[in-house]
Amino acid sequence: MAEKNYVMAIDQGTTSSRAIIFDRNGKKIGSSQKEFPQYFPKSGWVEHNANEIWNSVQSVIAGAFIESGIRPEAIAGIGITNQRETTVVWDKTTGQPIANAIVWQSRQSSPIADQLKVDGHTEMIHEKTGLVIDAYFSATKVRWLLDNIEGAQEKADNGELLFGTIDSWLVWKLTDGQVHVTDYSNASRTMLYNIHKLEWDQEILDLLNIPSSMLPEVKSNSEVYGHTRSYHFYGSEVPIAGMAGDQQAALFGQMAFEKGMIKNTYGTGAFIVMNTGEEPQLSDNDLLTTIGYGINGKVYYALEGSIFVAGSAIQWLRDGLRMIETSPQSEELAAKAKGDNEVYVVPAFTGLGAPYWDSEARGAVFGLTRGTTKEDFVRATLQAVAYQSKDVIDTMKKDSGIDIPLLKVDGGAAKNDLLMQFQADILDIDVQRAANLETTALGAAYLAGLAVGFWKDLDELKSMAEEGQMFTPEMPAEERDNLYEGWKQAVAATQTFKFKAKKEGE
């Protein structure tokens, strides 16, 4: 018998799939990544082919073994983390999807969400699920598929169809149809799950006419769900033992195990998630209440706020405005800015997220003078990411009544020292960058490793953690208050501009 000295994380994202093998110290031993196609059948629609996702996952599992030289039988357990909300419906008998998967960003089910609001279900759905009614979540996507794919409703009523988010789909495929499960964190993003009773909500299922026979069984985030079929894992039957949606996996990977701990992942957008402990905190400001993770018989809840534009603002400087050639260059240029921070960029390219929720707003720039330079503009764009993060974190503080002593950060833009220092300054709290920016995959690996006894408990995980770089606030209070006041005025001004064409005869 080979010694089982490794765990594998499968990180199934929106544009690519990755497999990463970690050793007992949480060090990366090998990895593989593969992109897969995105489909945009109509404006605002985003779809994936679930078989292409499965194909990419098979490919990266092989790639990780090849790169690391590790054999499949040396893997103690597999953890899965995934793009959340993306919806697959497949035929129970053939295992074939009935249509493309509808991706979390896709707006094709917006009319269904709008109708639910018109019919007065907002309060009921918020109280039960912790979510706002939106096409973002899986519920309206399932309804859309049942409405638009011929014969789907009838098949669903006859118990012939299964629904799952990507985690469910991958477990079903890896076990060759033996296991149909999901976990608390993914279930809490469907808008069908009662986060208080920890069960699928019959009232919401009836409202949307979704048969409960389609739904996966909901399990904790760290337990053995089933074993890979040997022919799907290169000859080995390995326990699949951890699962969590990507943002919750990052929370766990950042070891935010205590109430009040908070992390910000700076990706294309930025996702801020706060551990609120064993009681769900419903937000008065349209932040999302969600399940962080459930482990050892306990469930930990979280508040989540998202910013639509973070890393994509830096891409805009590079690709749209051509002010920089590479993303890291934004830091060099911003460091050379000479102005008094009088320029404000409000990157509302697709509207404003929490806590403004203004989908009609568009980007704006304020405070330009004849002396404004490219460097000032780049710095203002970076600062906008930090201002938006402060908007969300201040709202979380207000909603939860929990003091926030430290912000843990990860994701691509967290590599930018200037941005992280400004984030600490504007929040007036310490900001700690993860030593290992692979926090999402690491979170999935930890959950799986704990379930199979690879690691003993949370204390052992904490003892392995490397301390990342700490950024401490250095800005005087008066300067901080004035800068943030300017940001709030810039956002207010942005929201007043809504272009309407002049009507005939005006």
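Note that Cβ sites are derived from N, Cα and C of the backbone, with glycine treated the same way.
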Residue from H48, H227, H232 to which Swiss-Prot assigns phosphohistidine: H232
Recorded glycerol site member, picked from Y136, Y193, Y293, Y300, that accompanies R84, E85, D246, Q247 in Swiss-Prot: Y136
Per Swiss-Prot, member of G63, G226, G311 binding ADP alongside T14, R18, T268, G412, N416: G311
Nearest recorded site to G412 (ATP binding site) by CA-CA distance, among recorded positions R84, Y136, H232, D246: D246
Any further residue of that chain within 8 Å (Cβ to the Cβ centroid of T14, R84, E85, Y136, D246) of the recorded sn-glycerol 3-phosphate site: N82, Q83, T86, V103, W104, R189, G245
In the chain carrying T14 (ATP binding site), residues 6 or more apart in sequence that have Cβ under 8 angstroms from it: Q83, T86, V103, W104, Q105
DSSP-derived class (H/G/I helix, E/B strand, else coil) of Q247 (glycerol binding site): helix
Neighbour-count leader, CB within 10 A, recorded positions: R84, H232: R84
